[in-house]
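Report on the following structure.
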Amino acid sequence: MSWQDHAACRTVDPELFFPVGTAGPAKLQVQKAQRICAGCPVREVCLEYALDIGESAGVWGGASEEERRSLKRRRSRRQAAAARADATSGGPAESRARERSVTRPAR
Ligand code: SF4
């Protein structure tokens, strides 16, 4: 059994999670999808999965496309800072930074 088997969206029309556009009805569609994600028991793993594979379309883990782009930028900056710290200290700062990072989908 995988995490997808526990997804709250399993019985929902998948189209809801892939709005066309970013304004008007698409915004409402994203909010509706995010409300489903809010009660999903696998929200965090879903978000991590989407970030790991670079999924750019749709709502995953309660995060919209724009929110995931922002999370990815922050993650990249953190990793770059950790790599710089590694280079100067000789320690595995990146793994420590990753352990500390907690990604929470926006509501
Ligand atoms: S977090 Fe949202 S998109 Fe991900 S499995 Fe749960 S309901 Fe589906």
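Glycine is treated like the rest: Cβ placed from N, Cα and C.
Remember, predicted model here, so these are calculated numbers, not experimental data.
Feature annotations, courtesy of TrEMBL:
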BINDING   Cys9, Cys37, Cys40, Cys46  [4Fe-4S] cluster binding site
COMPBIAS  95-107  compositional bias 'Basic and acidic residues'
DOMAIN    8-70  domain '4Fe-4S Wbl-type'
REGION    61-107  region 'Disordered'
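Shown on the structure are the features that TrEMBL records.
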| residue | record | DSSP (3 states) |
| --- | --- | --- |
| Cys9 | [4Fe-4S] cluster binding site | helix |
| Cys37 | [4Fe-4S] cluster binding site | helix |
| Cys46 | [4Fe-4S] cluster binding site | helix |
*8 Å Cβ shell about Cys9, Cys37, Cys40, Cys46 centroid, [4Fe-4S] cluster site members excluded*: Ala7, Ala8, Ile36, Val42, Arg43, Val59, Trp60, Gly61, Gly62
*Considering the binding-site residues Cys9, Cys46, which residue's Cβ sits among the greatest number of other Cβ atoms within 10 Å?*
Cys46
*Taking Cys37, Cys40 as the binding-site residues to compare, which has the smallest set of other Cβ atoms within 10 Å?*
Cys40
*Model confidence over the domain '4Fe-4S Wbl-type' (8-70) (mean pLDDT, whole number)*: 97
